[in-house]
Amino acid sequence: MKHVDIFTDGACSGNPGPGGWGAVLRYGDVEKELCGGEADTTNNRMELLAAISALSALKSPCEVDLYTDSAYVKDGISKWIFGWKKNGWKTADKKPVKNAELWQALEAARDRHKVTLHWVKGHAGHPENERADELARKGMEPFKKGKAVSF
């Protein structure tokens, strides 16, 4: 099974507002960069889309180390999702889970691979996380100008 390192980030100008996501995928010496965005979104949605898009870009099952600066993504997929599923995608206080469709997509993308999640401190000089942040801002830029783009 191939081993891939993935670094993801999301960005939003206003929350909600125009947003973008970015991901760096590394397999040995080969790197691939992905980014995209939406006109009206939240930072959490962009963080989720970064992870979903990166995992979905892998053509075959892989052993993945996924690095995110989002405790929301890390805790959601590794802790909270079990209760949400048991409760019919409701929170402990019976409210609908926010971004349920993205959590379901992330779970499906994750389940194709052997994924280990890692939390990294954002904006702390971690080179790949900084690059993912640059890609997220690049993905957001067209939406700040009213255009759509995905790379």
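For all residues, glycine too, the Cβ spot is worked out from N, Cα and C.
Among the candidates Glu31, Glu33, Glu47, the one that Swiss-Prot lists alongside Asp9, Asp69 as binding Mg(2+) 1 is Glu47. If you take the Cα of Asp9 (Mg(2+) 1 binding site) and the Cα of Asp133 (Mg(2+) 2 binding site), they are about 5 angstrom apart, rounded to a whole number. Under a cutoff of 8 A between CB atoms, and with a sequence separation of 6+ in the same chain, the neighbours of Asp133 (Mg(2+) 2 binding site) are Asp9, Ala11, Gly22, Gly122, His123. Around Glu47 (Mg(2+) 1 binding site), the C-beta neighbours below 8 angstroms that are at least 6 residues distant in the chain are Thr8, Asp9, Gly10, Trp21, Thr68, Ser70, Tyr72, Val73. In the three-state DSSP scheme, Asp133 (Mg(2+) 2 binding site) is classed as helix.
Confidence annotation: the domain 'RNase H type-1' (1-141) carries a mean pLDDT of 97 in the model. Classification of Asp9 (Mg(2+) 1 binding site) by DSSP places it within a strand.
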